[in-house]
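Worksheet: the structure to be examined is printed underneath.
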Amino acid sequence: MPLKNLNLKTLLIISTLLFYTIFYFKFITDKNLTNYFIKSDFKVYYVAAQLAREGKIKDIYNDTIFYSKTLQNLNLYERGSRYLRFINFPIIAYFFIPFTYLSITDSYRLYTFLVLGIMCFGLIKLQKIYGSDIGIILISIPTPIFFGGMYYGQISPFIFLILILLLISLVKKNDKISGILSGLLIIKPQVLLLIPFVFIFSKKKKKYLFYTLITLLFYLAVNILIFGSKLFVQYFNYLLSHQIETHDGYLFNFFVFYKYIDIKIILFFTIISLAFAFYLINKKFKEGYDIKVLFPLIIIFGLIFNIHTTYNDLLFLLIPLFYFYSLKNLKYKFFMLLLMALVMIFSLTSFQFYSVSVLLLIAFLSLYHIKYLA
C-alpha cells in the first residue's frame, strides 16, 4: 500500500503494533529475565511440573519438599525470592511438564509468548462480539492488567479465553458447549462462582447442567487417577490451611479490620450479596436484556465476591471494558475513558486501594448502565 494512501488511523495502528513488538522483544531478551521469572507465579508451575516429571506428584502439596525443590533446582534462596505454593489441581502440573525440558529463561519466554498469543486471540474475539473499533484493542493492550497477565506467568489468560468462548456459546444458545466451558472453569476453582449466573442465561437448562456436571466429574476423576483417592482430603485441607486466611478477595479488602472480624460474618455477608446479585441478573434477563449486556456484569460480580481474587484475575475486566467501549452513548463513554485512566493509575498504587476503588467504580457504572442506558 503506497504511503500516501495510508490514513492517520492506519499509521497509528501500525506504529502502535510496532511499539508493542519492540517492547515484547526487549522484555524476552532482557538480561534480568531470570529475575522476572523468579518473581512470577510461573516458577511454581515449573517446580510442580518437575516433581510430576520425576514421579513425585504427591509431593506438590508438601510445603517442605516443594520449598526444598524450589531452592535446590532454581537456586532462588540467594536471590531473595518469596516462597509461593502450588494451589491448583495436580493435572495442571502435568500441563507444564514440557516446559521443564527447557532452561528457566527459555521456558519463561515460551510461556509468556503462549499466554500473549492467547490474550491477543481473546481480544480479537471480543472485538467481533461487541463490534468495538480496532483502536479499542490497542487501548487495552498497554494496561497493566494485560501485561500483568503475561509477566506473572499465571493461568488466568486461559480462564480469560474460556470466559470469552463461553460468552460466544451463550449468544449462539449452544448449551452443550456452554456446559463444557463452564465445567472447565474448575481449572481455577474460585471462578466456579460464575456457574449459577451462567445457568440463568442457558436456554435448555437441564442440558447445560448435564454437560457442566459431566465436565466437572471428568476433570475430578482424571485428577484422582493422577494423585490418588486422598486428593480431596489433602487438597482441600491444604487450601483451608493456607489460602482462606489470606483473604485475597476484593470483598475482604472492604473490611479494613477483617482480621478482627469472624470469617463466618464475612462469608454470610458474601452469600447475601451474591443472592442479591443473582436476583438482579435473573430479573433483568427475564425483562429481555441481552446476554452481551449482562455477561460483563457477572464478571464484575465474580471479581467482587470472590474470596480469592488476585491481580492476575483483573485481566477478566477487559470483557466489560470492551462492552462499555462499544456503547454509542457519548456521556457513558466519557465515564469509561475516565475508568480506563483510573485503572492504569490505581494499578501503580497499593493493591487494596486499587482493587476497592476500581471495582467500586466499575460496579457503580455497571448498575448505572443497567438502570438508565440499556
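Yeah, the Cβs are placed from backbone N, Cα and C, and that goes for glycine too.
Here the structure is a predicted model, which means the values were calculated and not measured.
According to TrEMBL, the protein has these features:
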- 6-25: transmembrane segment (TRANSMEM)
- 83-102: transmembrane segment (TRANSMEM)
- 108-124: transmembrane segment (TRANSMEM)
- 145-171: transmembrane segment (TRANSMEM)
- 177-201: transmembrane segment (TRANSMEM)
- 208-228: transmembrane segment (TRANSMEM)
- 260-281: transmembrane segment (TRANSMEM)
- 293-323: transmembrane segment (TRANSMEM)
- 335-368: transmembrane segment (TRANSMEM)
Criterion met for the transmembrane segment (177-201) and the transmembrane segment (108-124) (at least three Cβ pairs under 8 Å): no
Candidates 108-124, 208-228, 293-323; stretch with most C-beta pairs under 8 Å toward the transmembrane segment (83-102): 208-228
Within-chain partners of the transmembrane segment (208-228) [C-beta distance under 8 Å, separation at least 6 from its ends]: 57-58, 89-91, 94, 175-176, 178-180, 182-184, 186, 195, 198-199, 202, 234-235
